[in-house]
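Pulled from TrEMBL:
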TRANSMEM  B:17-38  transmembrane segment
TRANSMEM  B:45-65  transmembrane segment
TRANSMEM  B:71-89  transmembrane segment
TRANSMEM  B:123-144  transmembrane segment
TRANSMEM  B:151-169  transmembrane segment
TRANSMEM  B:201-225  transmembrane segment
TRANSMEM  B:246-267  transmembrane segment
TRANSMEM  B:323-344  transmembrane segment
Amino acid sequence: MTVAVLVEGLTVEFGRFRAIDDLSLAIDYGEVRAVIGPNGAGKTTLLDVISGVSRARAGRVLFDERLELTGRSESAIARSGVRRKFQKPSVFEALSVRDNVEIGLGGAGDPASHEKVAAILETVGLSEHADRLASELAHGQKQWLEIAMVVVSEPRVLMLDEPVAGLTDEETERTAALIRRLRTPDRAIVVVEHDMDFVEAIADRVTVLHEGRTLFEGSMARARADARVVDVYLGR
Amino acid sequence: MIAPKPPLPARALDDRVFAGVAAATLLAFAAVALWPGLSGYRVNIIGQLACFALLAVALDLIWGYAGILSLGHGLFFAIGGYVAGMHLLEHSVATTGVTPDIVQFMGWTALPAWWAPLGSFPVALLAAIAVSFGAAFAFGWVSFRSRVGGVYFAIITQALVYVAMLLMFRNDTGFGGNNGMTGFQMIFGVPFQSPSVATGLALASLGVLGVTLVGCRLLMVGRFGRLLVATRDDEIRLRSLGYDTLRLKLAVWCLSAVIAAIAGLLYVPQVGIINPRVLSPELSLEIAVWCAIGGRGRLAGAVIGAVLVNAIKFSLSATLPELWPFVLSGLVILVALIFPNGLLDIGRWRPALLSRPGALRPQDAAS
């Protein structure tokens with residue numbers, strides 16, 4: 001089976017601070033991988049490097065076992081099929097919900113792309129808000145809109161940075177159901193999240209990061225039982 | 001290219017205002033063309049206002065839509081203006097044979113030989129477009145590629161126009177120094193004293209303004225305009241959706257520069273002079289003030305702001321010129337306090353806004 005994202009010996013430094021320290025990990029197609037860990041563990045930095053926002057000091061990121069992502073621009077990485085939702089809901093406030101998703105698709109406005117946009121709006125439950133401005137949406141709806149913008153292009157690697165931050169319990173459940181629906185055999189989903197119940201509901205495996213290194217990798221149930229994980233993260 | 005879409009409720013008002021401004025431009029065109037009661041002075045003022053409106057539309061494209069504030073658009077206006085000056089001098093010499101003053105005070109024997117091709121209007125027009133485009137492309141490419149944006153970009157553009165002013169003040173630069181270029185005799189073979197010149201220039205300015213307004217409007221409601229707004233709202237998000245924002249920004253920046261240059265090209269024959277004072281930081285700052293007062297990102301707002309501010313300026317400069325700075329500052333403060341998005345928001349104004357100093361967007365307050 002092909003590995004969707006292969007991270008090898010990755011090191012990222014900001015000045016003298018080492019955010020990621022010789023990190024290696026492999027994410028398979030078909031799985032939902034949660035990346036968890038205390039603040040400053042390097043979770044968001046990992047997504048930044050994979051998506052091209054930050055540059056690595058050493059190491060490399062390989063997509064689909066054929067495409068080296070390190071050194072490519074954000075737009076080139078996105079076009080190759082690796083897309084990411086940001087931590088803070090990032091939508092185009094002055095545009096309509098539909099325009100936002102259309103931009104995510106990058107289509108030419110043909111009937112087929114209109115259908116795709118309509119279908120994804122249905123999936124995230126925003127069909128009735130399609131003509132409203134994105135700025136008028138509630139926080140949770142903005143999170144879903146951004147997921148729709150990212151998913152509509154059918155990425156092979158989908159990265160979600162704290163998709164349920166600031167959501168109500170009911171909204172969190174809806175998001176979990178949404179992510180389970182987005183899971184397909186030819187797509188890898190990477191989720192960074194602090195809500196452990198949510199992680200348990202969606203993740204096939206978890207990677208626990210601590211000080212830029214992998215502390216643990218396995219199922220959420222075993223992570224909860226692992227003494228080191230409890231010590232640095234879960235126990236607090 | 002432009003998908004037909006139902007207008008959003010929040011935009012319906014803007015659509016009507018735009019239609020109003022376009023109609024007003026057409027009406028002014030008809031009045032200048034057909035109404036004999038309009039004095040030459042008034043016609044000239046209308047022509048100048050149209051040039052300022054065009055300049056404001058140019059800035060609105062990049063500031064209002066793409067969110068890139070330029071405080072140096074006088075540079076592109078001046079490029080068009082100086083090319084117009086060189087064209088008019090060449091043309092005047094060719095048609096009247098009279099040696100212009102610039103030849104004497106620059107210590108030349110004749111106009112520089114390389115100006116000669118500019119005596120042809122199509123060549124001059126192409127030169128204004130090419131030079132403004134080239135300058136904008138070079139500066140924009142370097143700035144946007146190194147991801148200079150926001151206030152840093154604004155400061156650099158301000159410095160750029162200031163440097164250009166200092167350069168043009170020097171006689172050695174070869175464009176008339178402090179005196180600039182003046183004493184134009186003929187335009188298209190017609191002496192400047194003829195009343196048809198003012199009428200023709202005003203009509204040309206209004207015509208170009210109208211065509212530019214409609215063209216830019218079509219461009220902005222289409223895919224290109226939506227991507228510009230997306231760049232303004234969240235550039236990193238747009239890049240991470242696979243878009244090359246460098247190209248988008250460069251495209252609109254160069255388009256804006258060329259429109260500003262054409263405004264300068266139309267303006268200089270109407271005032272009969274071009275000198276380094278159009279490169280003063282004050283003019284470039286004022287363009288931004290026109291857009292801010294009228295309302296950004298809606299084209300119509302830029303026109304309303306430019307016409308309103310300059311109409312007040314013209315009427316005051318005839319009677320009480322010393323009042324002008326106070327009136328302008330007062331207007332800026334008033335608009336910033338009551339209509340942070342410009343006068344176009346009068347239609348959406350809710351008194352409740354006054355009691356909510358934190359409310360930046362009236363549509364939020366209303367919902």
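Cβ from N, Cα, C; glycine included.
Bear in mind that TrEMBL entries carry predicted annotations, made automatically and left uncurated.
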Are the transmembrane segment (B:71-89) and the transmembrane segment (B:246-267) near each other by the rule of at least 3 C-beta pairs under 8 angstroms (pairs 6 or more apart)?
yes
Within the same chain, the residues 6 or more beyond the ends of the transmembrane segment (B:123-144) and with Cβ under 8 Å of it are 75-76, 79-80, 83-84, 86-87, 117, 153, 156, 160, 245-246, 249-250, 253-254, 256-258, 260-262, 264-265
What stretch, picked from B:45-65, B:71-89, B:201-225, has the most CB pairs under 8 A with the transmembrane segment (B:151-169)?
B:71-89
Should anything in the same chain at least six residues away from the transmembrane segment (B:45-65) have a Cβ under 8 Å from its Cβ atoms, list it; otherwise answer none.
25, 28, 31-32, 38, 73, 76-77, 198, 201-202, 204-206, 208-209, 212-213, 216, 220, 225, 228-229, 232, 252-253, 255-257, 259-260, 262-264, 266-267, 270-271, 287-288, 290-291, 294, 296-299, 301-303, 305-307, 310-311, 314
Top stretch by Cβ pairs under 8 Å to the transmembrane segment (B:201-225) (candidates B:17-38, B:71-89, B:323-344) is B:17-38
